[in-house]
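Trainee: One structure, pasted below without further comment.
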Amino acid sequence: MEREPGDSRLFFRGLQSCSHEKMKLRKRKSASYFSSQKSTGRRGDHLGENIYLVLFTIALRLCNCFLVQTSFVPDEYWQSLEVAHHMVFNYGYLTWEWTERLRGYTYPLIFASIYKILYFLGKDSVQLLIWIPRLAQAVLSVIADLRLYSLMKQLENQQVAKWVFFCQLCSWFTWYCCTRTLTNTMETVLTIIALFYYPLEGSKSMNSIKYSSLVALAFIIRPTAIIPWIPLLLRHIWQEQRKLDLILHQFLPVGFVTLSWSLIIDRMFFGQWTLVQYNFLKFNVLQNLGTFYGSHPWHWYFSQGFPVVLGTHLPFFIHGCFLAPKRYRILLVTVLWTLLVYSMLDHKEFRFIYSVLPFCMVFCGYSLNHLKTWKKPALSFLFLSNMLLALYTGLIHQRGTLDVMTYIQELCYKNPNKSTASVFVMMPCHSTPFYSHVHYPLPMRFLECPPNLTGKSQYLDEADIFYLNPLNWLYKEFHNNSTLPTHLIIFSILEEEISAFLISRNYERTAVFFHTHLPEGRTGSHIYVYERKLKGKLKRR
């Protein structure tokens, strides 16, 4: 059963005081008392906080947005912007997840709505199509940041809230992810805001309907979002006196409405009734077919993933775990539970545990609050180490795949012969964005890599077959010169291996883009663009 804010405040205060003090507090529960508290605490506030704090956070996240100019994972384009572009402009590429109905349209619909508005206003330039969705994601991250701060003020005091807020804002991984159009980013945003309404001991903003609605929405967008909420939901049910009412009158109606909304949206775009959340969980969890895209040992999140995501916050997190009161034990249990569940899946990525990173910031803030003599050095260390890493990963590491798409944009909009142009991206599959970053129906192709959905033995996708013998593959694929693309995009590591083909077909290198200082596998340090010349010899630049 949901409690009123005033009752919950008195209830949790009563847990920490003697019975005589409880009686005193109950005598103050009058309409005039609460109205005066409300009027003095909220006047001139926005999102429950001071306007200057709100403006500072907005300014910071806007800078954050424009200072992240690198690529992270393909999903930030192929599962959001590319789908939205296809929904609005009727061209784009839908990956196998959409043909197999493993993804839902709820999240891309947000960006499709933005694209539609830009289209009606005649402002659908490629730059606005790229940056407006990211700015929208940055604004949502601002709301989440402020909600985390407000929650800690309720649970503790402004001093502790300030350090938790500091840790949240200077986290390099949060900086790296919070403005990207990833379902993991939206999942994290919704998780933080839902936590604001969750019935933690001392919270004045608890609301079962609101937090369960946000959790349900996160589940619709990314079904694995339910994982961190399992211990939190069980705790709420366990502590609730009227358990049946909570489940029947709040959780079930919220789940029914949200799931119905998802089914209707997906019915509109798939053309048939589809429960994509079941398909997603079946593929990734029950069948564990995600291993096609890589597998890691069971301890990877504990030995590498979690330490990397936390970065230099790690010692403060460990310190804070010993200092934080028992009422935060549920947050620590949630973090450990999430790491354990994801550890059971073979396919692991850093972004999968992003949603519990804000939980960790609570313990980091508690650690900073209890530091005395070493506080200033600790703050300097945290800020500098995280900002250096954030700026490097945001501005330098893996930026070539976005820079080369800017080159393709210019090819479309500045080249008078653009109608004859065509592009073939000969890189690991989904290395670059696609039509969402070109916004022109230019013939483009890439090496495809769908998983083994038919159960074939010795299965190899197109990219695997290509990399077994790139030169031989090219000669077989393009035995007729009339089918040759005008532009080839490759990683530098591939150039020497296919140089004979490039020379024989009169391709000339016309552009070079830096990509990473840490090339590995099929990924090179630079990206080369080769253009086919009808006359003349291949020239090296």
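Placement of Cβ uses the backbone N, Cα and C atoms for every residue, glycine included.
Heads up, TrEMBL stuff is auto-annotated, nobody curated it.
As listed in TrEMBL for this protein:
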- 51-72: transmembrane segment (TRANSMEM)
- 128-148: transmembrane segment (TRANSMEM)
- 212-234: transmembrane segment (TRANSMEM)
- 246-265: transmembrane segment (TRANSMEM)
- 298-316: transmembrane segment (TRANSMEM)
- 328-345: transmembrane segment (TRANSMEM)
- 351-371: transmembrane segment (TRANSMEM)
- 378-396: transmembrane segment (TRANSMEM)
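Are these features on the surface or tucked inside, and what touches them?
Mentor: Sequence-remote contacts of a segment are chain residues at least 6 beyond its ends whose Cβ falls under 8 Å from one of its Cβ atoms, and for the transmembrane segment (246-265) they are 1-2, 104-106, 109, 208-209, 212-213, 216-217, 219-220, 233, 236-237, 240, 273-277.
Long-range contacts of the transmembrane segment (328-345) within the same chain: residues 200, 227-232, 235, 284-285, 288, 290, 298-302, 306, 321, 352-353, 355-356, 359-360, 362-363, 366, each at least 6 residues beyond the stretch ends and with a Cβ under 8 Å from a Cβ of the stretch.
Same-chain residues lying 6 or more positions outside the transmembrane segment (351-371) and placing a CB less than 8 Å from one of its CB atoms are 72-73, 144, 148, 152, 159-168, 171, 173-174, 177, 182, 184-185, 187-188, 191-192, 195, 224-225, 228, 301, 305-306, 309-310, 313, 316-317, 319-321, 323-324, 328, 331-332, 334-335, 338-339, 342, 378-379.
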Trainee: Name the range, of those listed as 51-72, 128-148, 378-396, that has the largest tally of Cβ pairs under 8 Å with the transmembrane segment (298-316).
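Mentor: By Cβ pairs under 8 Å, 378-396 leads among 51-72, 128-148, 378-396.
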Trainee: Six or more residues beyond either end and a Cβ under 8 Å away: which residues meet both conditions relative to the transmembrane segment (128-148)?
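Mentor: Distal contacts: 47-49, 53-54, 57-58, 61-62, 64-65, 80-81, 84-85, 110-111, 114-115, 118, 164-165, 168-169, 178-181, 185-186, 188-189, 192-193, 195-196, 358, 361, 436-437, 439.
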